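Below is one structure; the comments refer to it alone.
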Amino acid sequence: MNSNVENLPPHVLRLVYKEVSALAADPPEGIKVYPSEEDITELHTSIEGPEGTPFAGGIFRMRLVLGKDFPAVPPKGYFLTKIFHPNVGHKGEICVNVLKRDWKAELGLRHVLLTIKCLLIHPNPESALNEEAGRLLLEDYAEYESRARLLTEIHAMGGPGGTSGAPQDPNDGPQPKKHAGDPTKRAGPSAAAVPAALGNGASTTSNCSSNSTNSSTSNVAGKKKADKKRALRRL
């Protein structure tokens, strides 16, 4: 993408540099900012998936692009990490009012980042770019949550998709709709996945506890049997 540094007037560049420096030094909670010294008009960030949402535990990479008419015209936002969300298109483009009709030059980039993070908590199906996600959010929230969590686990939790910046593709990844009738497939990570995430510690502890109990019971029964035999011999 071509830089807009040369297209922006010096006073705007100074304001952008000042704001980006402030964001990098004191970012909003759950957001990290990675400024580029070569191109201040393209701001890379990462947003932590908010707790209580299907995106919890994920780290979502994103970029804001400042056009030549900034700040009169809002920046454009794109998710680089794949995400199943009504307001994020298949190429990562973001649809939110603050980047459109509600934009005001004085709002600033911090407000934009906070608004996008809030969008992860409160999606707006009425302005959906991903129509399937918007429909499921309204008609079958459990299925929407399952799809959103699945892509979060695959692409935003340290896997290759979480750092690749690959464009959105509606056909990428497994399609969990075939499990729609099985609630155990829709309630988040499987039971087997939880011990794996803990280094198999939970599974090992459970198995060891069970084996220890069985072994102890067997030893007690054996001891009683041997004592009974010795008593019979004395008679």
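Using N, Cα and C of the backbone, Cβ positions are placed for all residues, glycine too.
Note that the coordinates shown come from a computational prediction; the quantities given were computed from them, not determined experimentally.
The following features are taken from TrEMBL:
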- CYS95: active site, glycyl thioester intermediate (ACT_SITE)
- 187-219: compositional bias 'Low complexity' (COMPBIAS)
- 222-235: compositional bias 'Basic residues' (COMPBIAS)
- 11-157: domain 'UBC core' (DOMAIN)
- 155-235: region 'Disordered' (REGION)
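In terms of DSSP secondary structure, the domain 'UBC core' (11-157) contains 59 helix, 25 strand, 63 coil. Per-residue confidence over the domain 'UBC core' (11-157) averages out at a pLDDT of 94.
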